[in-house]
Every structure is written in C-alpha cells, then in structure tokens.
Amino acid sequence: MADKSKFIEYIDEALEKSKETALSHLFFTYQGIPYPITMCTSETFQALDTFEARHDDIVLASYPKCGSNWILHIVSELIYAVSKKKYEYPEFPVLECGDSEKYQRMKGFPSPRILATHLHYDKLPGSIFKNKAKILVIFRNPKDTAVSFFHFHNDVPDIPSYGSWDEFFRQLMKGQVSWGSYFDFAINWNKHLDGDNVKFILYEDLKENLAAGIKQIAEFLGFFLTGEQIQTISVQSTFQAMRAKSQDTHGAVGPFLFRKGEVGDWKNLFGEIQNQEMDEKFKECLAGTSLGAKLKYESYCQG
C-alpha cells in the first residue's frame, strides 16, 4: 500500500477519537443506518452526492470485515503489474470516510482511483453508475463476518468494546453496529450483482483458490497478465503474507485487521440458539435469491 503515511495517519486519528468515545455514543444515524462518529460525518455524506466518478474508477463494495483490505491490496498489485506504478493513497480509500472536502481533492487524483465503500447500492453516488465504473462486490459468510467484526471491536485497544460476544451478537442482529445490518446490505445489493460492470467475489472462494480469483478480478478489470504475474501477486497476497506486513501497511491496527482470516472460525463463538437465529435470518432474507445461492451458506455456515 503505497502512501502508507496518509493511510495510517487517518487510522491513527480515528483511533484517537475512539479513546474518548463510549460505545453508547459511537454511532450517529444517517438515512436510517448507523455509522461510526470516529470515521464518518453527516456533512461528508451530504457532500458525497456531488462526487464525480470516472469510467475507470474501481469500486470495492463490501460489508465491514468481508475482506475489503485484502481486495484493496490485490487490486493495487494488479495496477502495479500493468503500469509499473505503485498505487498511491492520498486519501483514506473508504469513500464515505473523511472530511467533506475530500471529494474536491480527489478530482486531482490520477486514474485509476480505487474507491472502497461499505455503503448500500442505493446509497452510492449516482455518478458511479452513470459513468459505468467497475464495481467489485465482496461477500463473506455472515457467521465468520460477525465473529471477525466482534474481535475487531474487542481486540483493538482504542476501540470501544462490547461486554461480551452475546451482547455484540444481539446488536448485530438488530443492525445496531457500524454500517448497520449485514442482511440489509445483502438484500440491497442482491438485485444488482449481475450488471455488466459488477463482479461478485466470495471471500471463501479466494481462500480456496487465490490465484484463480486474482485472474478473474484482473480479467474483469481489463488487465491482461501472464500466469507468472498472477502467481507472483498470489504469493504476495496470501493472508499470512499480508499479516506479516500489516503493521507497515496499516499501522497499529494492522494485526487486528488481519487477525485469522479463517473459514469456519464462527464455530468457536456461536451458541446453538445464535446459530438457529442466524439460520432463520438468512432463510428469511436471502433464501431463494441469487445472492443466497452465491454465498454457499449450507457449505460454510451449517454443520
């Protein structure tokens, strides 16, 4: 991640704000969804409507803890492979995070720009669709996502912690966590995953065959790489490789962003009733949908 100082500077500022923030005061609500006051403001959301996307922007959309930092790294490496230029991060890459002037500054950034986001499809600026930017949508099974989100809150020293996993799970299922409900996010994106400029990525598929996943991402973005280049990026993008470099790339929060990356870690925390509750929620929200099938829920969340 090229301009480490800017990336880390933003994270450090957010962590500093978090020190003084009680969990009960961590969120503000904008258009019905809770966001962390340490990273987002209503003024920034209002300014977001004026953001002008470009046709060669690369949008990475995901619910928190679904692998966006992983994909960010992979796309940065792909850009480097085809251009021989390290991708620079003059701003924190999550589109909705930062001050309201950032979109004005971003007009001067060279193409292609990587724009990460945790927003619902219908909360994104219209210019992304009008100008046909490429959108990678990353999903991870909801049980592992929940456990990863809990550990992020409770392991990072300066972020307000939950009293217990049970407390976090209750709030998660009510959508009272940063960026709201996983299932609301999923329902909102479900109808838009088969568009010409949209590519669905499953975290678990990447874990199973990283090189194949990188090749698919490269082809979707119109990057033509050799097998050797794909293999090189794959080696540099394993979870272990990224965790080893995480302090350099993401600062103090790095080791917590890349904690385990395992598939099935949910089995260490979910109780039987919680399992049933999430299985019912999945059935209610996503059974019979295109996204429901893509998530391979039975393989990764049952048994």
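Each residue, glycine too, has its Cβ placed from N, Cα and C.
Feature annotations, courtesy of Swiss-Prot:
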| type | residues | note |
| --- | --- | --- |
| ACT_SITE | H118 | active site, proton acceptor |
| BINDING | 65-70, R140, S148, Y203, 237-242, 259-261 | 3'-phosphoadenylyl sulfate binding site |
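Residue pair Q240 (3'-phosphoadenylyl sulfate binding site) / the residue listed as 'active site, proton acceptor' shows a Cα separation of 24 Å.
Proximity of S68 (3'-phosphoadenylyl sulfate binding site) to non-local residues of its own chain (separation of 6 or more, Cβ distance below 8 Å) is seen for L60, S62, A116, H118, I138, given in sequence order. Every protein chain considered, the tally of other Cβ atoms within 10 Å of the Cβ of S237 (3'-phosphoadenylyl sulfate binding site) stands at 21.
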